[in-house]
Structure formats: C-alpha cells, structure tokens
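Here is the structure we will look at, set down as structure tokens.
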Amino acid sequence: MVTLRNRYEVVRPVYSEDSFAADHEKVCRRRKTILQHIKDCDSKRATNAVLSLLPIIGWMRIYRVREWLLGDVVSGISTGMVAIMQGLAFSLLASLPPSYGLYTAFFPMLTYFFLGTSRHISVGSFPVLSLMVGAVVTRLVPEQGAPANITGFEGLTQDQQRVLVASSVTFLMGVFQLAMGIMQVGFVVMYLSDTLVSGFTTAAAVHILVSQLKFVLGLSVPGINGPLSIIYTLEKIFVQITSTNICDLVMSILIMIVVFIVKELNNIYKAKLPVPIPIEVIMTIIACGVSYGFNFEERFDVGIVGKMVSGYETPIAPNMQVIQNSAVEAFPIAIVGFAVAFSVAKVYSIKHDYTIDGNQELIAFGVSNIFGASFRSFAASTALSRTAVQESSGGKTQIAGLISAMMAMIVTVALGFLLEPLPKSVLGALVIVNLKGMLMQFSEILYLWRKDKPDCVVWVVTCLGAILLGLDIGLAVGLGVELLTVVFRTQFPRCSVLANIQGTNLYRDHKDYLHIFEPKGVKIFRIPSPIFFANIEFFKDKLVEAVGFNPLRVLRKRNKALRKIKKLLKKSNDDTTETTDDMNMEELDLPTDLKDLPFRMDWNAELPPNISVPRVDLHSLILDFSAVSFLDISALKGLKMTLKEFIHIDVDVYIVSCDAYILEKLHSCMFFDDEILTSMFFPTLHDAMLHVLDKHKDKKSNAEMEDHFKNTTQPLITYN
C-alpha cells in the first residue's frame, strides 16, 4: 500500500557560505565575563542561587501535608528497617563492627536532607563502597599481624583502629566529592558509561560473594588485599573447607532460600502489596530469637554480632597519615559512590518529573560523608534495593529518608542490645541474597557481543580487571579501555562516498541504495567524526582510496612529463640548449607551470609514447563536513596540504555543511590564502552540487547531470 506523503518545494538561490553571509546578516554575540555576570545578578538570580544550594527550600514550599505526609511516614519506617539490616550486613564488608553500619544509616542522611536534590534515594551504605573501604581497612589494619606504622593507632584496639581508618578514608572521599561539586565538574561521571559501571559492579558482586563465604561457612579467613587477592582468599577457604560450621551453613542456606522466595513474590505481587514484605527484618528477628534461645554461640560455636555500641560516641578528627596512605583508593571510591547515587537518582527524577543537579549532588554527598566521617560512619551512597523500597512504599520526599534515619537512631540508642545474639552468618546470607541483581548482569555479555563488540570488550575487561586486580585498579583499567574505544571510534571512523538519491536533494552512501545517481567527474566524500592529530592521516588515506589516485603522485608525474614535453619542443625547434631531467622533490611538488606551452594542455588526451601520466577523470571533489565537530591545529595543517594537492592537479575542492565555529577557527588560524578561498565553502551539499553543475554545464559529461537535476536546480517552502 502506497502511503501519501506531504510534499514541499524550495525555491531559493544557490548559496555558498560567502553569498549566504552577504544576503543574511549574522548577529554578533559577545560572551559575558564573570564580572559582567556578577554585575547583572539581580534578586531573582540570587534567590535561585540560594535555592540551588539548599534544595530543601524548593520542595518544602510545595509540600502537600495531607497528601504526602502519611506516605512519607510509612515509607520512612519501611525503608528504615531495611536500612538497619543492610547497615549491619554491609559493615562486615567494610571489616568493621556491625554497629557502625547504623551510624552510616543515620549521620549522612541528616545533611543530605537539606542539600540533596533527589527526593527519593535512600542515603546510606552501599555494598561496593563498603567493600572498597574494607580493602583499605584490612590493608592498614590486617586481622593477623601488626598494623601499619601510624601514630594515631597507639593505644587503640584493633576495632578502634579500623574505625579510624574507615572514617578517615570516608572523610577524604567527602573532600574529593565536595571539591568536584564546587568546581562544577559533575560531568566527570559521564565518563563512567553504563557498560563500564555494569562490568565493575558485577566484579564487585563477585568480590562481595567471596568475602561473605567465611561468615556463611563459619571459617576464620584473614582479609587479603592487592592483585589476585580473590584467588588467595578462595585458596584459604578451600584449605579450611573441612572445618565448616554446619550450623552456620544450614542457617545461611535456609535464610537465603526464604529471602529469595519472598523477594520474588514481592516482585510478582508488587502492584497488589501496599508495602513490600520486609523479609530481611523478619528473618533477622527470628534468627536473633533462635540464636539467643538455643545459645548458638556456646553450643555450636557460632560467631555472633556481639557487643553493640550503645548511643553515639564523640566526634573524631581524620588521621592525616591514614589520608596520605589511602588517597589513591579514596578517589575511585568518591567517583563510584557518586556515579551510583546519581544514576539511581536520575531514574526516579525522570519517573516523577523533577530535575536533579549533578554538581549539587556532589556537594550534598561530599558534605554528608565529611559530616558522617566525623561521627565514625563509613562511605555513604545509595542502594537501588533500598531506594526502591522508599519509592514503592509511598515516599514522596526526603522526609521519608529522615524518618528512616530516626529509625536507625532508635536502634542505636535503645534497641541495639537486642541484636547482639544475631549470627554473623545471617548477615552474610542477607548480603549474598541481595547480590542477585548485580550477578544477573553477566547475561549482558551475549547481548553486548551481538549489538556492540567494543562495548562488550569494555564490560569484559572491566569485570575481569576488577576481579583479578582489585576494584580500584580494575576501575582504572576499565576506564582506560573505554577511552581507548572512544579514540578507536574517532580515529578510524567509517568514511563513505555519497551519491544522490534519484528525485531528491538527499545524499546517502552509494553502497546502501540501488537507485542512485553519481555524476561523472564528481566525488562526494564524508567523514563522520572530528578531524584531529590522531586521524588526519587516516582521513588522507581514505580520501585517496575514495578518489582512486594520489594527487601528489599525479602532480609529480605531470611535472616530470612536462619537463619531457618541453625538452621535445626545444629539440623540434633546433634548440641546442641542454636540459636536464633532474628535478628535486620540491620542484616536483610545485603547481604545474603551463605558461610557456604553445598549446592548451589536456592531461587526459593522448600523449607521446614515452610519456605516461595517470589519467584523472575527477574535476570536482566535495567534502561533507556535516559530522565534523572540531579540527585541531595538526588537522588544519594536514587538511590545507591535502586541499592544495588536489587544487594543483586542477580538481576543484568544495567543503559543505561546515560548522560555524569551525569556520571561525579557520579564519583565525589563517587557513585561507590565494589558493584556498572562502568561496569553496557551501552551506549544504546540494548547493555545492548545483554550483558544480552550473560551472561545468558546457561539458558533454554533464548533460546527464543537468537532466537529472533539472527539477531541483532552483532549490520559501510550499507544502501540498
């Protein structure tokens, strides 16, 4: 069935960039300096600046108490219970006493409530960050052997030393985030693609799984850091596998099965359930009761949480020696923490139609982590599962987050002793069962391999690098490979030769369509990437391949042939003056001088037998720069040289659809001269083609081209 489409006719002159500029006056825009921006600042802009720094003012002014308050309260209670359990469990990943996980569920949220732009994320511990902090903790304070030589460790127990390390790393992480927010560099997270983050978090899930096996199996395995640490950890686990605590193992398996089943039911019936079933909380309460009633610690030698810190301790200052020893690890922790939080916040901001500010989020998390670190909490970000509970249970604003923090405070101050008989294997089982989403990302490998092989390479290299070399080094390796793929895509783009689609003013790759028109003597070349120092040679090679000859070689052949022709002419005139065939390379590269010839030279005509010159059937070369976003100085020099090589062999060169800023740069860099003129530039490809038609209309070879374009030579718009 033929679809009737609207038609339009365009009637306008054929424009070059010069003629277009003559007919249409361009607005001269001047960029304001910082001082001018400050002078122009009025009360409205000042108010907006304050609101951007304190987003709470914005959403509190529109808060609907009757509609939103109940949902926020219910959501806060539900999220608080999950945050408490995850705080306890994730503190094991950080190699800290479980009670400090409750600190992370409380202090960072207090400042994010005022400074954060997301209304739905649940601020607190995140397993990947906990593991990265734990790597620093176990490096400086190993379970077996002496701790690092740090002055601040004197007189402290091992747990206190570890808390000091974790809080100092978190403080530095917050400083990095705050500094990036102040410098407005929130865009750096864009360099962490979804593919890279997926591979990295999958590797982190493998590390988390291995780190929790010692709790699930009831084994005593020291923390190991550095490259191949996961291999050494597995080796130590399998060496002790015969010493597995059966009670821990059975209890862990039962909890994982029950929690997994209930979580699946929550997903299936989430539309019908007002609030997801808090199965982690239920199983924790049951496990605490059973462990206390049957005295698991003494009867079955089960490791338990033990003494919980009651209340809050006095603030502490970060240790400068720890900061110096952990700066390399703290920066990737800061980047990963922000990347995860921002990506989750972006999902819910789109869903609920409000905006988030990446730079303000950096400031919010930076201040939150600095504040939390002062009170012994460790790295805070968000967890997708916890945020999903906060949003799905009716949370509308961060009042829900504040209530969840109050829940953690109540447990810390008054109810912490009830969690003391909780087996650590239960916390390990809860951590493992919550890894399902991250471990399922392994299925992305096949999809990426089919759809985008460079992205698949990034995923696999990042994942393997993070698993084998450690999370910090693995992230750096993945980022390096990702940037290499970007360089590869821009350095070796898919160049193409374009042809006209019959009956239209559209031009497409001549290999992709059947009914096309390619005028004789005209070649249209397109490069779909920026041109810079790394790909200018590739551009030249592809251009030579497209036209079928090397213009510099043709020029040299012509100059040599011209010398021979002049020699023959002198012999025929009985000129006894001796001539030489020796010409240096500089002379060969000069434009062909035909002034002294008594006839018009046609290089495609038949030449004397002993003179051979490559035939050039090309009279016009059109370069489509519509996809060229920038040129650097090296590219400008290379492009200028290439254009002149074609001009010297009588090939007219035109550049079309060139960006206005690139044109400005060409002018400022003195690109134009007596040979390369501004008249070579055209606003559209069709304008250039019509100009070529008009210039070469007297040639027989263009009769078919003129006939083909007779309906489009007068390109106001009218619709039928």
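The backbone N, Cα and C atoms fix where each Cβ goes, and this holds for glycine too.
Positions annotated as domain 'STAS' by TrEMBL: 512-692. If you look up TrEMBL, you'll see 69-94, 100-116, 123-141, 161-180, 187-209, 246-263, 275-294, 330-350, 362-379, 399-419, 425-449, 456-481 marked as transmembrane segment.
Confidence annotation: the domain 'STAS' (512-692) carries a mean pLDDT of 85 in the model. Counting Cβ pairs closer than 8 Å to the transmembrane segment (456-481), the top stretch among 69-94, 187-209, 246-263, 330-350, 399-419 is 187-209.
Of the Cβ pairs linking the transmembrane segment (246-263) with the transmembrane segment (161-180) and spaced 6 or more residues apart, fewer than 3 are under 8 Å, so the two regions do not touch.
Across 69-94, 123-141, 161-180, 330-350, 425-449, the stretch most heavily in contact with the transmembrane segment (399-419), judged by Cβ pairs under 8 Å, is 69-94. Put simply, of 69-94, 187-209, 275-294, 362-379, 425-449, the stretch with the most CB pairs closer than 8 A to the transmembrane segment (161-180) is 362-379.
Distant neighbours of the transmembrane segment (187-209): 93, 127-128, 131-132, 180, 230, 335-336, 338-340, 342-343, 358, 431-432, 435, 438-439, 441-442, 444, 448, 455, 458-467, 471, 474-475, 478-479, 482-483; these residues of the same chain sit at least 6 beyond its ends, with a Cβ under 8 Å from one of its Cβ atoms.
The listed stretches are 69-94, 123-141, 362-379, 425-449; of these, 123-141 has the most Cβ pairs under 8 Å to the transmembrane segment (330-350). Remote same-chain partners of the transmembrane segment (123-141), defined as residues 6 or more beyond its termini with a Cβ less than 8 Å from a stretch Cβ, comprise 83, 86-87, 90-91, 93-96, 101, 104-105, 108-109, 112, 116, 147-148, 150, 153, 158, 161-162, 165-166, 169-170, 200-201, 204-205, 207-208, 211, 222-226, 322, 325-326, 329-330, 332-333, 336-337, 340-341, 365, 368, 378-383, 386, 401, 431, 434-435, 470-472.
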